[in-house]
Amino acid sequence: MLRVFIFFVFLGSGLTGRIKPQVTCKYFISENNTWYKYNVTILNSSIILPAYNTIPSNAAGISCTCHDIDYLQKNNISIHYNTSILKTFQDIRIIRCGMKNISEIAGGFGKELKFLDLRYNDLQVIDYNILRKLIRSNTPTYLYYNNLMCGKRNCPLYYFLLKQEQTYLKRLPQFFLRRISFSNNNTYLYHFLSCGNKPGHEFLEYQTKYCRTKFPEINITVNQLIAKKNTERYKSCYPLVFISILCSCISFLFLFICLLRSICKKYSCTKQDKSSHNYIPLIPSYTFSLKKHRHPETAVVEDHTTSANSPIVYIPTTEEKKVSCSRRK
């Protein structure tokens, strides 16, 4: 009986040794909108993605699906890649390939990324900065059926998700928080939220409370980083704010000058109207009278307020000149 058992053990080990995981990788060419297959190397139980110089420069994405690879890493299959090939891609799909850490390809994510699918891997840590960029850019992101840890390294992620839950998580599918998998103390629990068996918002509150208790310095760091990012985002608006304030000051000054000019003009006009209708003598303290026996052209005005006579030549008007001329005739 023991010999039969040993025989089947050796037979099973031999068969499993002969089975090699199948890997299919394709890259996307943007010109004709088609996917092309590409051979992927498997070396020492490691999947090697194509090198940068072997992919066309106009490639817009990459798709790599690993078949017959257990995402629990029972086959001890890991994936290695050149991050430089991901910088210009708009579409990244690496499924069932046993990736453990998404932060390794963080440098490869560019602003052009419009689709990210990393399902059925063994992701244990996600950099919240990557997730923040994907959420705010409304990029379709598929991360469920992974294995996020409930330890210190994911505390920034939980802080960010709780802080941005009402604003940004609405843009992602509902299964993002419902079907993503978490692990606690290396006990893998899939297809639902573990770490206390609390779904959604309650789970985030539970995790953030745990992180604040155990690692309070991480909470301060994350808040500072978020505040710093918001400040940097507002700094881009500073020139526009300065220009708007300057324009407002100039317009206010212009209106003030116009108002001042209108007031001054109105005041000067009323003064001219008064002078045109009311005679203001040059010497207001004097009273004048004309002698009747004198001619108007040579009339002498006597001053009755003083003892001295100061003859002032009276200049007749045009009508008086006409009257005097008619009398002479």
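In case you wondered, yes, glycine gets a Cβ from its N, Cα and C as well.
Annotation source Swiss-Prot lists disulfide bond at C195-C237. According to Swiss-Prot, the feature repeat 'LRR' maps to 112-133. What Swiss-Prot lists as signal peptide is 1-31, and the listing cites similarity to another entry. Positions annotated as topological domain 'Extracellular' by Swiss-Prot, on the basis of sequence analysis: 32-239. Annotation comment: Swiss-Prot describes 240-260 as transmembrane segment, evidence class sequence analysis.
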What does DSSP give as the helix, strand and coil breakdown of the repeat 'LRR' (112-133)?
6 helix, 4 strand, 12 coil
Over the topological domain 'Extracellular' (32-239) the mean pLDDT stands at 63
